[in-house]
Amino acid sequence: MSSTQDSKAQTLNSNPEILLRKRRNADRTRIERQELAKKKREEQIKKKRSNKNKFVRAESIVAKTLATSREKERIKRVSILEDKKAKNETQHIASGKDFILKITEKANGAEENSVDLEETEEEEDDGLIREKTTYDGKPALLFIVRVRGPLAVNIPNKAFKILSLLRLVETNTGVFVKLTKNVYPLLKVIAPYVVIGKPSLSSIRSLIQKRGRIIYKGENEAEPHEIVLNDNNIVEEQLGDHGIICVEDIIHEIATMGESFSVCNFFLQPFKLNREVSGFGSLNRLRKIKQREAESRTRQFSNAATAPVIEVDIDSLLAKLN
């Protein structure tokens, strides 16, 4: 009788095979990730050593130094101007207002409408419509895409800190940002390194559904890892305290800039976008040249402290990158 009771206790205390298999898989994946991280660190060390021994021409050093000094001077001008605005010392400033310059391409075959000349400037040569407006300080939803900055420029420390704060460390990544009076000066500092625009609801939904990723730690997992956001149960588990139970609630909260906008925004990882043109073939090289020409028309750099923030048609850009 006692032997049968002992056998029952042993069967009850034994772990199911599924749990044991999950633990083995979790241990194996953890070891594989540690090995991959170790290999990545070793490759980075080798790359740093090879870059140290790399020959650098004197002309490239001079060009990089001059470009970086110009960029530092631009950021210094912007910082001084914003400091004067904060202290209300706008007597000797050309304009104490904040401006946004919206640049869009003309629609083919579109009829020219009568537009106020003070607010809109049109140039028939390049086929672009430029509309300069005054920012009134009202909150607005922006989508910011990190792009390559000016040629041969080492990003100054202040601009890099702002990019890190916005989680835009890598190129071809994007985040949602709520534009306010406090955010506007930061956008002026990082203007050469980003593309800014106001997304539509369809673009917001497409981004979150196709490229939404989060950091999640499941059961029997040693470390959190990045997963695709395609499970409403995970959303309810992580954001249920804020009244958000599905992906559609996240889309609505971001589109309307609700009370839980920052919670939803930081719950999502920065969106990793595709390159507009990739590859090294002859046709791809031609497309890259055309892309640079188009960017030179829309992305107009200015070293002036009072330069407006440039806004582009972000929906058309996301249609190419998403």
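For all residues, glycine too, the Cβ spot is worked out from N, Cα and C.
Residue annotated by Swiss-Prot as phosphothreonine (from the set THR11, THR120, THR298): THR120. Looking up SER79, SER203, SER278, SER282 in Swiss-Prot shows the phosphoserine annotation sitting on SER278. Spatially close to SER278 (phosphoserine) yet at least six residues away along the chain are ASN284, judged by Cβ distances under 8 angstroms. In the compositional bias 'Basic and acidic residues' (26-45), the DSSP tally of helix, strand and coil residues is 20 helix, 0 strand, 0 coil.
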